[in-house]
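Asks: One structure coming up, written as structure tokens, with questions to follow.
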Amino acid sequence: MKLLQDQNVIITGGSRGIGRGIATTFAKHGANVAFTYNSSTQAAEELVKELEGFGVKAKAYQSDAADFDKAQELAKLVLEDFGQIDALVNNAGITKDNLLMRMSEEDFDKVIKVNLNSVFNLTKAVLRPMLKQRKGSIINMSSVVGIKGNAGQSNYSASKAGIIGFSKSVALELGSRNIRSNVIAPGFIETEMTEKLDENTVQGWRDSIPLKRGGTPEDIANACVFLASDMSAYITGQTLSVDGGMLT
Ligand code: NAP
């Protein structure tokens, strides 16, 4: 069953990793996909072709999620190109890890801007069309680290915890307009990025997870499909951990 047939979605940071997994899984479920990237132009172009292979409309937009004006422009362009925005997945994110003692103000601010301001920027940008439609699903990508913290990631965990507070407030403000706002908190997800890590370290992480494996982008994407679709029509303001039981 195609759960997102003819739905139009925006996914930020779709060119790689989890965002790419969300884009392909959404397309398999019949959604038309508008996705953004920062600098991976070639990967973005390849993904557009792959998505079109599923018989959906797909378009890539170079757009810095941290830039407020660019986010407003993006929503305008997507509306012109697709006609309606049914779901938004705020997935773009970066890390700049360091112990607090060594963390610069610049690295703190950068991570907050790309991870948290971006969620504000684009949620605000899609608000008007969603209010008009009286329908919308906003899905924000937090992290296990936003719930429990992590040494060496005070900037990242602050941004990811901020996303949870923001999403709950949006759920309260917009529930009466049938706009839902939920969070996904991934655990350890294996992407090209984690392939570069030392295999013994990664195996140690896998062993400590109750389901005894790292997650895949598809694991996160399937949760996004659920939250974007009417299967979750009565769910808002929630944080869904997709972490193999890590927080249990
Ligand atoms: P990734 O492989 O590094 O991909 C990040 C994506 O975000 C890329 O498409 C990148 O575009 C885009 N991006 C980065 N900065 C951007 C900006 N300023 N404007 C627009 N797009 C930007 O990351 P990932 O592992 O898939 O993570 C995706 C999300 O899940 C992030 O929010 C991350 O915090 C969260 N998460 C990941 C894990 C994990 O284990 N991987 C765990 C918990 C949470 P370019 O390709 O152009 O750079």
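Note that Cβ sites are derived from N, Cα and C of the backbone, with glycine treated the same way.
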Asks: Given that TrEMBL annotates Gly13, Gly14, Ser15, Arg16, Tyr156, Ser157, Ala158, Ser159, Lys160, Ile189 as NADP(+)-binding, name the residue from Asn91, Asn98 that shares the site.
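Replies: Between Asn91, Asn98, TrEMBL records just one in the NADP(+) site with Gly13, Gly14, Ser15, Arg16, Tyr156, Ser157, Ala158, Ser159, Lys160, Ile189, namely Asn91.
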Asks: Any idea what DSSP makes of Asn91 (NADP(+) binding site), helix, strand or coil?
Replies: coil
Asks: Sequence gap of 6 or more, C-beta under 8 Å: which same-chain residues meet both conditions with respect to Tyr156 (active site, proton acceptor)?
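Replies: Set apart from Tyr156 (active site, proton acceptor) by at least 6 residues yet with Cβ under 8 Å, we have Thr95, Lys96, Asp97, Val111, Asn115, Ser143, Val145, Asn150.
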Asks: Counting only residues 6+ away in sequence within the same chain, which have a CB under 8 Å from the CB of Gly13 (NADP(+) binding site)?
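Replies: Non-local contacts for Gly13 (NADP(+) binding site): Gly19, Phe35, Thr36, Tyr37, Asn38, Ala65, Asn91, Ala92, Gly93.
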